[in-house]
């Protein structure tokens, strides 16, 4: 692993200036190039990955978010661990790679699960690539390009943040554009190894560092010109073929609809079970009600008698009732049918006190009520 990384570092290192043989030197040393097995295999896999990323990026939306977070996290943590001292010790390349991959995997999971974070990283990647193209254009088109370190830093961060915000606003459009541009860049870098052993990568690295301008071979410009062409082709293919009729928002909505449908199905099943339980309980309750009716038969309906109509004269005072009792006591002293003093009437106490018969009568024979 260490020898492979050292080989890649040697390939990426700028050529020595001592043996300067003129401006055509970058194109002259073609026969002396030697290709290693491991870098060739890695570049071939990256080329295949770039093709999928360029032409099927938006279709593989979740995978794009995961790989973007994995790449950012792994590269940043690897550089920090390899260049800086951690706990007063210089970590080896293998340890730095392992730590970078571990933390990069966590970053990839975060960008995949939190969609807004993933879209922000996708837009940031697009802005960085556009910033690199801007720096190359400034270097070649300007007669006196700026050599300050803050210029590339400001261009990269400014364009990165701008495209990150735009990606959050127009998600489908800028996600398609970002995947096409990044996939084309990966294809170009992998091809550059087989053409010039990363001469284009060294040139871009010097432009970011604001280093002195060095002559490059015409094949470098051909490889660099393939980048925007492949990016445009990737956008067209995704727009018309691979991403047509597909939307990452519909995927989220369809999952929510599935959950809602499952909830509805569960509610229907619960209702059916509750109705079955009610039907089972109804015969038992009916039997209990019949038994209760047999034990406690309902009384027959009886019509309430009409209330007796009373008048003002029907109300008897307690004094009259007491006089009735006194007369009854007096009447027992005489035989039935005997004579009593005139002006009084013999009253039987079995008589209902609520009767409408007058209590006194005129002078005459005894009247038994």
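Note: Cβ is positioned from N, Cα and C throughout, glycine not excepted.
The transmembrane segment annotation in Swiss-Prot falls on one of the ranges 216-236, 237-257, namely 216-236. Of the candidate ranges 9-29, 93-113, Swiss-Prot annotates residues 93-113 with the feature transmembrane segment. As annotated in Swiss-Prot, transmembrane segment covers the listed stretch 37-57 rather than the other ranges in 37-57, 268-288. Swiss-Prot assigns the feature transmembrane segment to residues 148-168, out of the candidate ranges 148-168, 295-315. Below 8 A, the CB atoms of the transmembrane segment (37-57) and the transmembrane segment (181-201) form 3+ pairs separated by six or more positions in the chain. Just going by CB pairs under 8 A, the stretch in 60-80, 148-168, 216-236 that sits most against the transmembrane segment (181-201) is 216-236. Beyond the transmembrane segment (93-113), the same-chain residues lying 6 or more positions past its ends with a Cβ under 8 Å from any Cβ of the stretch are 1-2, 5, 62, 65-78, 81-82, 121.
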